[in-house]
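Sequence annotations record features per position, and here TrEMBL assigns Fe cation binding site to H169, H228, H294, H478. Look at TrEMBL and you will find 1-17 tagged as signal peptide.
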Amino acid sequence: MQHPPTLALFLPTVVLASVSNEPRLGFFLKSASIPSNLSIPSSAARVLEGTAHFRVIPGFFPQGMGFHFDGLATVLKLEFFDGSMELSLKKFESEAGMSYEKCNFFGTGTGPTSARTNICFQNPGVNILPIQSQLWLTTDTNAWGRINPASLDAIPAKVKTINQILNAHPACDHVSKECFVQHPCTAQPMGSSVCFSELKTSPNGIDLEIDTFASGRMNASAILQHSHSPCVTPNYVVSKLDRFELRNPFNQNSGLLRFVSQGMSNSWFIASRPGSNHHASRVTYSKEAFVNNHFMNCFENDQGKVVVDLIATTDLYLDTYFLHSLKKPAPWTQIFAPPLRCIVDPFEGDVECEELLPQDPNLYLDYPTFNPLWKMRPDSEFVYAIAAEGSSQWFDRIIKIDSKTQRIVDDYQAEGTYFTEPSFIPGSKAKYEEDDGYLLSISFSKITNSSFVTILHASSFEILEELPLPGLIPFHAHGVSCIHELGCFANP
């Protein structure tokens with residue numbers, strides 16, 4: 001998450017020394033090293049014909065940048081057709097991306113980089129949002145960026161809002177084409193009011209704007225209240241309300257995280273969707289306090305309550321991506337809490353949580369995905385994620401979770417290999433058979449110090465194809481797929 005300009009103007013300048021030490025794995029803090037255009041023969045193109053898969057990555061690291069997810073936003077596109085995988089790579093054409101050396105850059109863990117007055121905040125390198133035939137790069141601020149899906153060129157456009165905070169993962173309904181965001185109701189960096197809004201295309205057809213439909217108030221003010229990953233059901237929108245808290249600035253960090261850390265919050269916000277016959281809008285609280293990293297598939301149960309499965313982290317999670325942390329073993333127990341299943345009652349306001357995977361307390365997971373054609377369905381059964389055990393250097397397996405039995409039912413590992421998000425690409429029968437599809441992950445081999453594309457059958461977890469790449473793709477967060485006749489699916 002980038003630092004809002006309303007606060008950055010008052011912070012002292014910090015210039016980082018050049019990064020000289022190496023992280024524990026070679027896909028951290030290393031710039032992408034593959035050609036910008038590449039064609040690779042692919043047998044998987046036969047079943048993925050017409051699929052375009054997009055990833056946003058922290059693709060380039062200027063000298064002195066020591067926080068991984070401050071890497072300059074770059075778009076990777078994989079297209080499958082005519083027996084090939086066509087790869088395109090392009091840095092997002094923001095001011096920071098094109099002229100970093102002229103910027104006073106202030107990111108999550110970088111800067112301010114100089115005393116220059118040319119302040120650069122736009123670096124949308126977290127997620128990708130397809131909305132109304134547009135493709136946007138997102139982050140937890142309003143400094144999003146729009147691209148042309150064909151050329152990957154930046155399109156001059158913005159989200160028209162007074163709010164500094166938005167969500168990297170807007171909650172989208174693929175059928176109705178609605179997308180919702182949660183944000184503070186005012187432009188102030190501190191406050192207690194919270195709002196839900198619908199994202200809409202501006203009349204000019206270029207920008208986005210927000211239309212607020214619900215509001216509430218927390219029992220205390222929060223610094224930079226945000227909700228990284230809200231979710232949607234047929235009748236409701238739900239957010240875990242997170243925040244930042246001041247920390248002692250005498251630490252090893254730079255950027256925003258020198259001055260604040262995420263707070264362990266127990267606040268939630270649920271509201272009825274526009275047009276719903278249900279009428280709810282309330283801030284409520286769970287017994288458990290944590291940071292929500294990602295929601296999974298949310299749905300309404302037979303009692304009308306909202307079931308939310310989620311990845312819970314701690315207030316130290318973001319510190320993981322500093323060089324001084326990446327040189328050490330992964331501190332799993334310090335950054336992850338057990339994944340949770342929370343039941344949110346929109347009528348009474350109760351929130352009850354339990355461990356999602358009680359049989360696997362020593363497994364750490366993140367970046368969950370599912371069949372997007374089964375989004376919001378109470379009969380949905382499967383979730384996919386990357387995972388690791390306590391001795392792992394990073395996420396070294398892809399897992400399949402049966403959300404009905406709350407057990408892991410399949411697992412894929414390969415020696416010396418580390419994975420990114422396993423994006424679900426629906427197969428021809430995916431509307432009727434939930435696990436008919438393919439999992440695509442951009443993987444990294446510690447043995448060869450290079451990247452490759454791993455494609456698994458979601459049903460059997462057998463390899464469909466592995467496609468070596470002539471270089472490196474840095475670790476990154478999210479991707480979206482656009483499929484002929486089905487359109488593009490939001491993440492999650």
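Just so it is clear, glycine is given a Cβ too, placed from its N, Cα and C backbone atoms.
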Write out, in the order they occur in the sequence, the residues of the chain not among H169, H228, H294, H478 that have a C-beta within 8 Å of the mean position of the C-beta atoms of the recorded Fe cation site.
V126, N127, N167, A168, S229, N293, F295, A477, N491, P492
Return the count of C-beta atoms lying within 10 angstroms of the C-beta of H294 (Fe cation binding site), excluding that atom itself.
26
Chain-internal residues, separated by at least six, CB under 8 A from H169 (Fe cation binding site):
N127, T138, H228, S229, P230, H294, F295, H478, N491, P492
Count the Cβ atoms, other than its own, that fall within 10 Å of the Cβ of H228 (Fe cation binding site), considering every protein chain shown.
23
